[in-house]
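Structure first, then comments.
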């Protein structure tokens, strides 16, 4: 018996113990199983060791008092030698005692029982009798005793380790416990395998013979006990695995559920943000109580509509609303309206529609109030993939007969349809009416499911609407109860070659029974034209001679076949008892100079304009009123219109100058998708936050880019004319016409994206010499001057360097991408055709000079690309300063200039320049007047 020697080490804590190490058959007792954490830090470990020492002393005292005669007699009765075994039989008393210690101390099965078990095993150990003539191999004997001792201690201490693991097993360090248990289990399996392999070596060859049957029986019993013990250990290990498996699975499941829940929460937050942006924001109840709604009371609107307007904070109607609502609500006329962009046209036809639906439902005793006063969630949210669950129960007091399609609104673009839906939804928040949008680019199955909820108002684009009508959806086919029809941006809908489905949709709409048929109108028109032609109208020419009217009327007669087609069309048409109310609106509907006017005064009969053709196709069932609130100035009053004359190569420079010089929400319009695709990578290389919006993009991506443009502060959106009409994007400070718009209507609609709702805005037109004739036409049709935008030439040198580098980088990267695409295409085609391509094709595995040249050229290209990117990165890291100003040597004048530039905006710079120009002109006039006055005095 030897005491433990202590070695001084600064990294380990000295612990004084009376622990004894037994180098007999027990092997190196306890060294492998000591927890290294017990040697680190602290007072807790010292307290544990003191408790262990006290427990050892008590156990030693108890063992001394117990009689040990039975153990000695058992060990001495055997006369014959016994073979060495790997493990000793387990005593039942020892097991029960061990179980009690496990409950008292967390390290009980690990250190405390070790000394006790060693004493017990030493007492139970059978003495080995060696004859003088017998030879013994000490190496094998020592090896066998060492293995027996280590294995024996391992088995004894397993339960202590398990107790420790169960106590330390909690939610916070569950994963650490798994990592500790796994290597221990592997070691146990390895040692068991080694044990089985070494078992035949443990029996030294001896010439002893077993003649006694009792001894054989005892040996068999010992073997049986050992086998049972091994089985118990295996069962315990299996139980541990079974216990831990479900815990692991549950943990994994909960982690997955947590991740899914986090994703859903993020999606819901995005939905809320987008809804707040897209929908009209409501005000607080205190602000609602302070609002004066007296101007709305004169229109006799439903109180639920007034509640919705109050919650939005609309205390008074706009000009177009005050002109349309009395005519549509009180008098019941159809309306053809024209107003500037951002003037409230959507609610101008939305309020009369909702008013008529509510009147119809109240007249038939139906419930229209939303008792919960919650906003509708039935709209298929086009901005997200997450579907909102809807209640399938019908509203209280509403029968199925009165849950039909009462109002239909047709819009040219998907984004405009979604915007109109949100505007109408905001005023019906206190009713139980439903409004949805049906647009392309979304799953038709989902939209069919939303239509099955039978919404009263549908806002749609012509393509998807006609698709669902032809499929025979019940809610869109049953149009007998249609009360209102709205067409927004009508001039866009009647453009040649666009929206062919609109005419088919208008033909499917029901006709009022008492209304005049198309056949009758044509007959009446024909008779009037014949009467006018037969009448001799006298006219005077320039010379004063009399001219008679034309009497030829054969060309204007309608053939019989056309009359038969009209009769069949009238028979196939749906009829209704309701007189449908129609609203046709646009910003450039009427009063555009040159549109629809005759080319010469000599022509007696002018050709019908597209709008007049639309009016014929719509089949107004009431008398209509034409309401035009557009002013002589077709754009908004608070819009500053400017221009920049430049060369084609300088357009990118001026665009980057404007974006870098005046940060904010900038909307750039181009005439083609190719132009947008060319600009996007250049501005991405220049690290400008830029997004695209054009017709060839997927609807989901278009909506995402629009939402990003709405949420970010300093951002650029490069768009085609898809974004020119109807979109209400808040706080757009700048609109840049990168290419001159082809028509005046496009210019007005593009410029109308800024300076909305009494906010300031500026539009800039970039004009090249080639586009100058188109700009002259635009300038003459607008009938007011467009000023020159002030540009600081000192900044242009730095802008030019950045643009040239970005263009060169884009060119090289685009060429490499193009080559890679071609190679990948050839590879794909070769794989499909089971053809092997030569290595020369790709410049690989070839000694040809051309292939080496191509490799060298490619390496040079890549090196040059890296160089250019490094140069551009260096330029972008520095602020854009005017020529003559240095970052190293800052002067007082430079500081003042930088402060004024940082605080200025495009509008202020333009207004300051205009003031300076006016001041110069005033000075010149004053000097001229003064000189004239002096000359007069001299003459006198």
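Cβ from N, Cα, C; glycine included.
Since this is a predicted model, take the numbers as computed values, not measurements.
Residues 488-491 are the range that Swiss-Prot records as motif 'DEAD box', among 484-487, 488-491, 492-495, 496-499. Taking the mean position of the Cβ atoms of 339, 340, 341, 342, 343, 344, 345, 346 as the ATP site, the remaining residues of that chain whose Cβ falls within 8 Å of it are 318, 320, 348, 587. Listed by sequence, the residues of this chain that lie at least six past the ends of the motif 'Q motif' (294-322) yet keep a Cβ under 8 A from its Cβ atoms are 280-283, 287-288, 329-330, 337, 339, 343-345, 347-348, 351, 354-355, 358-359, 368-369, 426-431, 627, 629. Sequence-distant contacts of residue 343 (ATP binding site), defined as residues of its own chain at least six apart whose C-beta falls under 8 angstroms from its C-beta, comprise 318, 319, 320, 629. All chains included, 24 other C-beta atoms sit within 10 angstroms of the C-beta of residue 339 (ATP binding site). Counting every protein chain shown, the Cβ of residue 342 (ATP binding site) has 20 other Cβ atoms within 10 Å.
When averaged over the domain 'Helicase ATP-binding' (326-607), pLDDT in the model lands at 73.
Sequence-distant neighbours of residue 344 (ATP binding site) (same chain, 6+ apart, CB under 8 A from its CB) are 317, 318, 320, 321. When the motif 'Q motif' (294-322) is classified with DSSP, helix, strand and coil residues number 18 helix, 0 strand, 11 coil. According to DSSP, residue 343 (ATP binding site) is assigned to coil rather than to any helix or strand.
Residues in the motif 'DEAD box' (488-491) partition by DSSP class (helix H, G, I; strand E, B; coil) as 2 helix, 1 strand, 1 coil. Counting residue by residue with DSSP, the compositional bias 'Acidic residues' (218-240) contains 23 helix, 0 strand, 0 coil.
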